[in-house]
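Taking it in order: structure first as structure tokens, then the write-up.
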Amino acid sequence: MRRRVIFRGTALPLLLLAPQLAVTAVFFLWPAGVAVWQSVLQQDAWGLRTEFVGLRNFAEVLADPDWRAAAWNTAVFSAAVAGLAMGAALVLAAQADKSIRGARAYRTLLIWPYAVAPAVAAVLWLFLFHPSIGLIGRALNANGIPWDTRLNGGQAMALVVLAAAWKQVSYNFIFFLAGLQAIPKSVLEAASIDGARPVRRFWTIVFPLLSPTTFFLLVVNLVYAFFDTFGTIHALTGGGPGKATETLIYKAYVEGVQNTNLGSAAAQSVILMVLVIALTMVQFRFVERRVHY
Amino acid sequence: MSAAVEEGDRLAAAATTRRRRQSGALTHAILLLGVLAVVFPIWIAVVGSTHDASTIGRGDVPLLPGAEAVENYATALTGGAGRFSSSPATLMLWNSAAMALLIACGKIAISLLSAYAVAFFSFPGRMVAFWTIFITLMLPVEVRIIPTYQVIVDLDLFDSMAGLTVPLMASATATLLFRQFFLTVPDEVVEAAKIDGAGPLRFFRDILLPLSVTNIAALFVILFIYGWNQYLWPLLVVNDRSLETVVVGLTRMIGTGDAQNEWNVIMATAVLALLPPVAVVVAMQRWFVRGLTETEK
């Protein structure tokens, strides 16, 4: 889409674009290029010599059992976070969409956790589930369920999933509610007159009409679980116990910052970039459809 | 006969009302449960911030607030107590506020300018510029941490507010949103301004900016929260504790998560860390929901 009436000139628009382009070039394009470049290089153990190794870093990363374990953790973690956060949000949005007393108050109360930082959410959940001082952690231990996220990898994973999903429910809720409100009431009334019960109405009419929103949210939730939850994991478990909660982004961080293994870290970053670009493409292709559905 | 029909109608209506009331009760129950799950962790944090450390250390976190609130928050704000002496929260909150405001305002400013250039001018390289900006959308900080960090070190921006904020200021989403909005401004408005002799800068300042106020407010809420909640970037770029942000400082206070931590002070700091962005969302709820649903289009 272009406008008919426009201003003339080349210098002024370029000047207006300069700040954005400068930041983009210096902090986005250049580092991304460097990452791609470093991913095909390898330093020797003393960091003295660097040689071109082609795709060897990628081959090594993909064959590394630790990386594969992290990939599996990421898959489990993301599926659990997206499923939990979207499921809970859909149930709540379907209720909040009804004309009931206090609907606005419920909405406000459900929306604001969006503002809580992932790392702060982690601290709140740690305080609840701490094995010796946490309200719930202690209660579990007192009732014969041995609970310690510092020893049990499965429990650690469950806790990071809870902390990450908790924060994301409000985001999904906002979008599901907007999606529900956009469904014409006449369609539902017609189905109702035809004798369709609420549950049937939901699955045969509401849910299909909501599928664009659902699909959009799925992509957003996956991106959130892949990248934004670094703070949750860093603050809550540090990737442990062992490597039970180490996701791909966390592993890239450990490799690059703590082990300063640049070639491998760069290869991992490039793999993540490809992943996020693929997800964004899917999202945009789908946005086109979402507008016209 | 007709009386019987009426009676039947009345009974059917009563049954419908009853069913409706029951489903209403169920709706409220589900929503209350949801609200409870959402609020409970925060409530316990608030409670934890009002008791003394030994009550929490023993594992007896009560369900109701205690009497130590003033003391705990004072300790948190002035900092330095206990085994893990931390930066005073006043300083960390200030740093977070500065970072969040700079990122939000910076993003809005450079996005407004570049969206204006892309939407209202025709010049060679326009589409190249647009796509260059668009690509940034696809590369979140997290996937290019190490090389970006090296750029910061090379530019001598390590441990500085500029290093903390400038790299996060490029924003494809904000640019796309403003461009989208600018394209809806009718050509007649531009024509009228031109006939009245307004140049491009005058038009931008006197006509376009006032029209964009709602969009700017909506974006501001989202971007302020985005800036305030940054974690990985400040963790990498800032070593100097006088520049520590509250989200990073809070997690440093936990250390290895010992039961002997001063959890009361930690929870007070947690409450202080989540209060400003939550306040912004609650105060600007209308713009917030709008900003969120618009930017994701």
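Heads up, the Cβ atoms here are built off N, Cα and C, so glycines get one too.
Per TrEMBL, transmembrane segment is recorded for A:12-30 (among others).
The transmembrane segment annotation in TrEMBL covers A:70-93 (among others).
Look at TrEMBL and you will find A:71-283 tagged as domain 'ABC transmembrane type-1'.
Residues or ranges marked as transmembrane segment by TrEMBL: A:105-128 (among others).
Residues annotated as transmembrane segment in TrEMBL: A:156-180 (among others). Through the fold, the transmembrane segment (A:156-180) approaches residues 73, 76-77, 80-81, 84-86, 88-90, 92-94, 96-97, 107, 110-114, 116, 118, 121-122, 124-126, 129, 149-150, 206, 209-210, 212-213, 216-217, 220-221, 224-225, 229, 232-233, 236-237, 240-241, 244-245 of its own chain, all at least 6 residues removed from its boundaries and within a Cβ separation under 8 Å.
Residues 74, 77-78, 81-82, 85-86, 90, 94, 164, 168, 171-172, 175-176, 178-180, 183, 187-188, 191-192, 247-249, 272, 275-276, 279-280, 282-283, 286-287, 289-290, 293 of the same chain lie 6 or more positions beyond the ends of the transmembrane segment (A:201-227) yet place their CB under 8 Å from a CB of it. The transmembrane segment feature in TrEMBL is assigned to A:201-227 (among others).
Among the features that TrEMBL reports, transmembrane segment is placed at A:265-287 (among others). Within its own chain, the transmembrane segment (A:265-287) is flanked in space by residues 32, 34-39, 41, 57-58, 60-61, 67, 212, 215-216, 219-220, 222-223, 226-227, 248-249, 251-252, 255-256, 259, which lie at least six positions past its ends and keep a Cβ under 8 Å from the stretch.
Here the transmembrane segment (A:70-93) has long-range neighbours at 110, 157, 160-162, 164-166, 168-173, 176-177, 179-180, 210, 214, 217-218, 221-222, 224-226, 229, 243-251, meaning same-chain residues at least 6 beyond its ends whose C-beta is under 8 angstroms from one of its own.
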